[in-house]
Amino acid sequence: MRSDTITQGLERTPHRALLKGTGLPQSEMGKPFIGIATSFTDLIPGHVGMRDLERFIEKGVHTGGGYSFFFGIPGVCDGISMGHKGMHYSLPTRELIADMVESVAEAHRLDGLVLLTNCDKITPGMLMAAARLDIPCIVVTAGPMMSGRGDAGRKYSFVTDTFEAMARYKAGVIDDAELARCEENACPGMGSCQGLFTANTMAILTETLGMSLPRCGTALAVSALKRRIAFASGERIVDLVRQNITPRSIMTREAFENAIRVDLALGGSSNTVLHLLAIAHEAGVELPLETFDILAKETPQLASMNPAGEHFMEDLDVAGGVAGVLKQLGDKIHDCPTLMGLSTKEIAASLKGVDEEVIHPLSNPVKKEGGIAVLFGNICPKGAVVKQSGVSDQMMKFTGTARCFDSEDKAMAAMMGGVVKGGDVVVIRYEGPKGGPGMREMLAPTAALMGLGLGDSVALITDGRFSGGTRGPCIGHIAPEAAAGGPIAFIEDGDTIELDIPARSLKVMVSDEVLAERRARWVAPEPKIKKGWLARYAKVVTSAHTGAITTAE
């Protein structure tokens, strides 16, 4: 075992002494050393319930014959960090998390890891670490929050009843009392936000990849089932160490294709494109951006999930969960191994039935194509991403007039001030991985568009990204980004922009010669942040089309 490096032999006397200083008995010294990487914090609802899950994981490890050690990993809530300086830090924490897990596991020669996670960037960061280390690992996602409840059985959801509610209030659609009800009811307790936002999408994809146990991706945070899954995961990691089953044997090209198909079938968050590309990079799997679009054209959307649809995570869980989606996709799914020991098709076959009002059959899809589309054109020669499952039919093709902003803050002020009108295309740039830095989510502007009633008359394009809670004609991940000299930097107010999602096209209607002339006189702006972690991050991060990974160069 890897831990023999610190427990065996005369030369390791000091190491054993230090371990015994933690209370480790001599009788446990030869057991598999299991690290439990916990992202517990009582600052955010998605992670506040993890103390209980830690206990169950620990019990499982010891029942399985291992010895566990806890170590902490930071967790950032995208909702709390949204709309201010804090959002610059969200995506970069993904890299910090991967590096921290790698550092602790390698420094202490741990034999295996249980990765306890939940919110947006923590789960992909943990998976990146697992793929990079390639030692036995299993992921436990802490689970989704229940929907909020109000008068007459009304259901509340965090994004639609807070961010969008602000704009509805500003427009006079709701009053003080209703706004207060939204605030009180939107987040009723522990768990990740209730709809198919980034955290829940990543939990589902983790299960689909085979890196967490069945039902882990959808079981509610408050459920007894989640605690049983935590226990079973702790027990299972010891078996994985003994059998030397490692993440790269699970996260194959075929497994990534399965994850993409499930993502497309559910209409998941566009952030998953960034994260799957980054995880695949760490796993040594070639996964071009175009793969998402190729699979989208042959994978129909089978569910209508909040925020763009009617169903919540609690509905998806009882309808069949991930296994139900796999079952409905049938032969479109590869038969891949999972950490459970069963293959994907065996897991799907074990499910007796599926609630087809929630997870439709292939013969009766919600939409003919999957939820994510990849666009190209003279604005985005290396690609852009749109969550087409959240776009109304009338906005799938749109031509409008550019209204350009060099930051999210300026765009938000213009929207709330009534400057943006129907027929505009809002261009938000210098918000990419380098330019932001940190590729902030544009949830506040997109929620403002919907709340102001402009979702069917205004499009938004950006080199930033969007929340999993975003809906409407919002195109993100434009690459190359403005700070890297991408063409989005050369768009001017008044330009005509043509969006054609069915044709996978996004263009500014000016000639190549005009764009070349604008490029020649373009001067890169000074970095927004010149010291600290974000300044270092901006120097080594790539554009969105490669997953916004960091490089050694």
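Cβ from N, Cα, C; glycine included.
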Residue from Glu431, Glu441, Glu481, Glu492 that Swiss-Prot also lists as binding Mg(2+) with Asp78, Asp120, Lys121: Glu441
Nearest of the recorded positions (Cys119, Cys193, Ser467) to Glu441 (Mg(2+) binding site) - Cα to Cα: Ser467
For Lys121 (Mg(2+) binding site), the three-state class that DSSP assigns: coil
Non-site residues, in chain order, whose CB comes within 8 A of the mean position of the CB atoms of Asp78, Asp120, Lys121, Glu441 at Mg(2+): Val76, Cys77, Ser81, Ser90, Leu91, Cys119, Thr198, Ala199, Asn271, Ser467
Collapsed DSSP category at Glu441 (Mg(2+) binding site): strand
Spatial separation of Cys119 ([2Fe-2S] cluster binding site) from Asp78 (Mg(2+) binding site) - C-alpha basis, Å: 8
Candidates Cys119, Asp120, Lys121, Cys193 (binding-site residues) - the one closest to Ser467 (active site, proton acceptor) by CA: Asp120
